[in-house]
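Beneath this line is the structure, given in structure tokens, with notes to follow.
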């Protein structure tokens, strides 16, 4: 007996896209690619494509659906571009292209590309089919093939490519005998409207197929049940009481019943049924074959119109009696009740009604037999006498309708009780006998009557005890699993109601329980295996996992002991549509083999692989030392059966069977490795980035009003910069005057003391303070005095040169220009001969960044003001070498050294200013964003353009290029 919910089959919504494509393929070679990821990676390839290309399924997964990995030097570039355009435009198209197998053998393919849409009419997949047309692209006349060899090659090519031949030659004459080709090719030729969609949907049936659990079929089954009981009652009555259907009304009713049963036969040829695995079978061919092998013959015999023959007037009595007896065959209609009993017992009240009807039907049949026995024994045809001990004779005397012999007429006994009285009396006797009551007013007297009475008592006691005495016990024994199933369902329903589980999740839970029960029939496999001994348990496990061991080449070299050890560790998992086998981020501790159904692998909300029968997913535990984290979700599309083995159990077996471990590691190829994350870019993301880039490119520049605070702030920066430049120009004019007038510097400095006091306001964290140039101007006089006295005491080794060292870089540059006049007196050749070598130790005085000063400019251990003090006499100037050298170096070299030193110092200052300005610009942009958000109500006409302040780096020294 099947479970209560099992007669409906597995009817949850499923994504049967892969099954539909495989069913329609008919040996077509195809791949499926994701249309939402860049390069359209392959998510599924059937065995035909793998055989045709020479690649394993795991090798082509995540490769481009355009099959660029099969391109070669002879592949046409224009065709490749057309293929790419077809993918980019989501079009349907076909091409002839030369590609290469894995062994680099060139093959001509006829490629068809078709987009697959989901329920939102969005293209999510590409279906690409491949047909080998090499035989039609190569010339028949080949020098290497002569005679019969050439003919054999052509014949072999034609016989192996019948489907391709029909596709390439659609104009076939009507009278020609053509072979049936792939239905998938027909689908692709008709258009994308009839292509299967990639979505979850309830199981669909063909238009002329009726679901066995629909309302119409359920109502029809109850009508058939009622008519079956009608037949079971009238057929025995008509046969026993020998009634001819002379009444037209009864004849019409019986004929209508026969027609209804004939219609039921026709409906059975178009009604789905539940397969052995719990699936709903809707294939018309399978339905017809199943019905022909089971109940068709019995139903046909029970529907023959036997009453039509008896309705004729001039029918021989023997023939009429024969056909009346054949009416008993109609009792075979009770088989309809037997095979659909599980449909009716779903309803509690129907069970009690059926049991009472069965008891009454048994009493009716016994009453008909009881009357037949009395009617057979009451008359003696040989002696034309009546037996006084028959129960019919006693009944006739009791009710006052005795039998009388008509000697002048028919010569037969006439009279006696009516048929209604006889039937009621017979039913009364059988009911009292079946219930063991027996009042004795009707009693058997002949031997046959007594034997039948004994049989009635035995049958009655059995029926009474079975149906009425032990109904509860019998039901508990017969439907123990069903009761447990209902108990489990009630517990689950109460749990879901108690914890207020969402409706969608509740439906998934209930569907999973129903489907799991349908597969296991409520049998606890682990409990059964525990009863069996170890050897028998291992044999059972090998049988349960035989599909995995036979389909995968990794187990071919395993010994019997190894297979038994592996089989003991395998577990069978049943998954309902929508179940997640792995969540992204959780540990991958199992290796899963797909036995039936299909699954999808989802990474970043995109389908990166579709797994079907024969695929393997998980992790390569035998090659990795650490436990992996799943990089994707694995979700069931249909009802799936997975054979799973844990990581620790597999490693334990592989460690023990070392020889098998090498073969297993080499031959087992994962269809999808959950440890590895696929790096891809979505086409939608690429398009969105391109749109944003174009939007930024076409945006109008930001315009601010003239009185905006940011514009006033930048105006203040410009004023400060102009003041600083004016001060620097004043300093340069003062230094030029020093060079020209020599000792008159002191008077000129005093006269222009106010100009030297000019301040430069710099941007810094603290309030601005003036930076005076007075120190630089006062030190200029002493430097020039020393330049005009080269042989003085300052050239000695103890001369520290403190005053020149305190000058700024620009002032020291002017000093070098003044010294150049004296250096010109030294000949170039003499200077080159006696130029002392500088020590490397004293020449590597680099600047290091230290704490920030008030102006925000980084300072160094060697301040620009004190750079001269930190250098040796040889580094400061060649003229400060040892006293024994009475000559000076070439003025061009000294000038270049001084310029480079000044350039380095200025560059450091400019870098510091740039860093500070960058920080200020970031803060100003944040201020601007806040102000713009608050002042968004301003009109666009009141704004003006904001220009970035000129970077200090743009005002480089004219010597920066050197």
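These residue numbers are counts, starting from 1, taken along the chain as shown.
Any Cβ shown, glycine's included, is placed from N, Cα and C.
If you check Swiss-Prot, you'll see residue 248 and residue 448 are listed on the same side of the membrane. Across the structure, residue 388 (N-linked glycosylation site) and residue 406 (N-linked glycosylation site) are spaced 18 Å apart at their Cα atoms. Using a 10 Å radius centred on the Cβ of residue 388 (N-linked glycosylation site) and all shown protein chains, the other Cβ atoms total 10.
Taking DSSP states H, G and I as helix and E and B as strand, the domain 'PAS' (14-94) has 35 helix, 16 strand, 30 coil.
Residue 406 (N-linked glycosylation site) is surrounded by 11 other CB atoms, counting those within 10 A of its CB over all protein chains shown. In this model, the region 'Required for phosphatidylinositol bisphosphate binding' (151-162) carries an average pLDDT of 51. Sequence-distant neighbours of the topological domain 'Extracellular' (444-450) (same chain, 6+ residues past either end, Cβ-Cβ under 8 Å): 370, 373-374, 377, 387, 389-391, 394.
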